[in-house]
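Heads up, the thing below is written out as structure tokens.
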Amino acid sequence: MSTSSAQQEDALVTSTNPLHPANLISELCASFYTLGWVTGTGGGICIRTDDKVYIAPSGVQKERIEPAHIFVLPYPQAEPSPHTDRIFLRRPKLNLKESACTPLFWNAFTLRNAGSCIHTHSQNAVMATLLWEKDMVFRISHQKMIKGVRIGGNGPTLSYLDTLEVPIINNTPNEEDLTDSMKDAMEKYPSAAAILVLRHGIYVWGDDWQKAKTQTECLDYLFEIGVKMKLAGLQTVLNE
């Protein structure tokens, strides 16, 4: 690669603007680490802006991710998978690999026209999958924080009286192999704003990073209170 080409690629992730996607991803990953959502190097976030997708790397301590670690992909392109070559506008100079969540993030782009998708390993989310494993759908109603979740992830907000449903899919040893089952669940539950993965975590999307972050926070609250209610023997959905 020529020096000029490398400089052009680096310019994609170099900015003094704190709202630049490369800066935001670094900041948000550190914040999610503090919340316990991305312990180890697991979890991740992507941000799509018009014709570019910014994705965090795999295998880097989330609280130590820097803009120079960020991958940039063009959008649209064929859905990335372990079986197709991905097109990159920028790869970090370090020997890094893009997030294994990439094909799952693409589901949010192609099926929901999302501008951002967040993947966490929150214990609240994992506990919800265990306690609702029989139904394979987490359900809760009459909670204030439901109003922070949007229909389909990017539609109108739900009301206090609505019943929130988040489908649960079975886990697989390799993250990429969740792609098809996540897509199936998104098609089966078009009103869902997220997909839970059994014994693993959650994927949440939104029109932009602010909405994706807001919904991730609201859903995590609802999982926590739902788990506590269920363990206390209380109904999480009224009038059933």
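Quick reminder: no glycine exception, Cβ is built from N, Cα and C everywhere.
Keep in mind the model is a prediction, meaning the values are calculated, not measured.
As given in TrEMBL:
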type    : residues               : note
DOMAIN  : 23-227                 : domain 'Class II aldolase/adducin N-terminal'
BINDING : CYS101                 : substrate binding site
BINDING : HIS119, HIS121, HIS200 : Zn(2+) binding site
Task: HIS121 (Zn(2+) binding site) to CYS101 (substrate binding site) - Cα separation in whole Å - done: 12
TODO: Let me know the model's mean pLDDT on the domain 'Class II aldolase/adducin N-terminal' (23-227).
DONE: 94
Open item on the list: For CYS101, HIS119, HIS121, HIS200, listed as binding-site residues, tell me which one has the smallest number of other Cβ atoms within 10 Å.
Closed with: HIS121
TODO: List the other residues in this chain whose Cβ sits within 8 Å of the Cβ centroid of the Zn(2+) site residues HIS119, HIS121, HIS200, in sequence order.
DONE: GLY42, GLY43, THR120, SER122, ALA125, VAL126, VAL197, GLY201, ILE202, TYR203
Task: Rounded Cα separation (Å) that holds between HIS119 (Zn(2+) binding site) and the residue listed as 'substrate binding site' - done: 8
Task: Spatial separation of CYS101 (substrate binding site) from HIS200 (Zn(2+) binding site) - C-alpha basis, Å - done: 13
